[in-house]
Each structure stands twice: as C-alpha cells, then as structure tokens.
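Database features, via Swiss-Prot:
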- GLU137: active site, proton donor/acceptor (ACT_SITE)
- LYS111, SER112, THR113, TYR114, ALA115, ARG116, THR135, LEU136, GLU137, GLN156, TYR170, GLN180: dCTP binding site (BINDING)
Amino acid sequence: MSIKSDKWIRRMSEEFGMIDPFEPNQIKEADGKRIISYGTSSYGYDIRCANEFKIFTNINSTIVDPKNFDPKNFVTVEDDCCIIPPNSFALARTVEYFRIPRNVLTVCLGKSTYARCGIIVNVTPFEPEWEGYVTLEFSNTTPLPAKIYAGEGVAQVLFFESDEICETSYKDRNGKYMGQTGVTLPKA
C-alpha cells in the first residue's frame, strides 16, 4: 500500500471525478486576505468546510445515544462561520464530494492550525467505493468559544492505494453512509 502524490490526486479528480469541486493548487488567500489553506498538497488534499453546521445543545436534556440518536440534540446553523461553545461539539460537511476508487482507502487528519487552538477535527477513513459529502466532527477542547470557518481548509485527506483489490467494498455491503448529501447524523 502506498501513499499517492499530487499528480495522482490531480489525475483521478480531473479524469474520474474523485473530488468535486476539485482545486488543483494550494489556496492560501481569498479576496486579498490569508485563509486556512485548502486544495492539493504534495501527498494529500486539504478539504473545506461548507456553511452547514449542527451544534450540540443541552436545551432538551436528552441522552446522547448512537443507537437511538435524537436530532433535537443539535441546533442547525447556516453561516460563514460556526461558534462552538466551550468543551462542546459540532458537525459540518465538506464542500467537496468524494468518489473513492475500489483500490483506495483514505485517512483524514485535522489541520494543525485548528489543533493548535484546541479544536480537534475527527473524520473516519473513506472506504473503497464510498462516495458522498464527508461529515466532519469538531471538538472544542478549550474553556472558550471556538470559531470554525466555512469555505476554508479544516483537514487533510491522504490517499493510499492497495496492492490488490478488496473482495468487498463499502458500496458492495451497502454502507449506511453511502451517498450522504448533507451533515449526516449517527445511524445504527
């Protein structure tokens, strides 16, 4: 299994729609201002956060149960940024839609710009033949409110190509998060 380069990521995205929309360069400025970078890097792709957020709330005092998740645990916000309360959590989705080849597995890591502020980005691997918008999980580990910017980089996806094709892909087993189009809540 080997990590894939910028040339491979560019070719797979431009010829096969692996990432859509795809940015072939590393973007660090918008409207003359510095932003948290996104786009193609040497051995990965920095994904952006869309402007759709779900922020945890305790207004309804329900229990967080991954097998029986109550959507009332979240407040939905659509904005250019999201303020996550201290020691709290939010979900978002990527701007980019992914189509992962059958012989590829990705690992997604949060950007250090956010990590250095106490904001942890968690994303599970994108499995072979999974496709959809990625649901992003943000944890604010600080005692202060934390800001997430829509349209800017939040995490980096690394692509690993296997030496052989898997017997059963995510698509083959009808994975429950296949084709997700927005922020997707837990499914048991």
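The backbone N, Cα and C atoms fix where each Cβ goes, glycine too.
Annotated features, which come from Swiss-Prot, shown on the structure.
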residue: LYS111; record: dCTP binding site; CB count, 10 Å: 19
residue: THR113; record: dCTP binding site; CB count, 10 Å: 14
residue: ALA115; record: dCTP binding site; CB count, 10 Å: 13
residue: THR135; record: dCTP binding site; CB count, 10 Å: 19
residue: GLU137; record: active site, proton donor/acceptor; CB count, 10 Å: 14
residue: TYR170; record: dCTP binding site; CB count, 10 Å: 21
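Calculated from their C-alpha atoms, the gap between TYR170 (dCTP binding site) and the residue listed as 'active site, proton donor/acceptor' amounts to 21 Å.
DSSP assigns LYS111 (dCTP binding site) to coil in the three-state reduction, outside any helix or strand. THR135 (dCTP binding site) carries a strand DSSP state (E or B). For the pair ALA115 (dCTP binding site) and GLU137 (active site, proton donor/acceptor), the Cα-Cα distance reads 13 Å. Straight-line distance linking the Cα atoms of LYS111 (dCTP binding site) and GLU137 (active site, proton donor/acceptor), rounded to a whole number, equals 13 Å.
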